[in-house]
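What Swiss-Prot records for 43 is N6-acetyllysine, and it gives a large-scale study or a structure entry as the kind of evidence. Residues annotated as signal peptide in Swiss-Prot: 1-29. Taken from Swiss-Prot, the feature topological domain 'Extracellular' applies to 30-63. Feature annotation from Swiss-Prot assigns topological domain 'Cytoplasmic' to 85-92; the stated evidence is sequence analysis. The transmembrane segment feature in Swiss-Prot is assigned to 64-84, 93-113.
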């Protein structure tokens, strides 16, 4: 299991780097369709950072595979739906947000137990 934990730690670090890159893009280069788009982007970025940090803790939990998969997939679905809507104004994939959020909750529970 040490290899699995190390893989999720690496994924968390890469995700954090990606979150920082997106934060820079959102602050300096992005063209948002409206003020709500900027707010949505910032919300996605905050969650992206937070859950990247959570992935760094996966190797320390009792069920690293479950916790890592739930956190990684939840972060992807939740943040991607927000980033996409923020940048495009298209709401067609916003239903992925609650699915991703539910996976994130389960991921945090997997970290705890």
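Even glycines carry a Cβ here, placed using N, Cα and C.
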Requested in this report: Measure the Cβ-based neighbour count of residue 43 (N6-acetyllysine), defined as the other Cβ atoms within 10 Å of its Cβ.
Outcome: 15
Requested in this report: Using a Cβ cut-off of under 8 Å, list the residues of the same chain at least 6 residues beyond the topological domain 'Cytoplasmic' (85-92) that approach it.
Outcome: 30-34, 37-41, 44
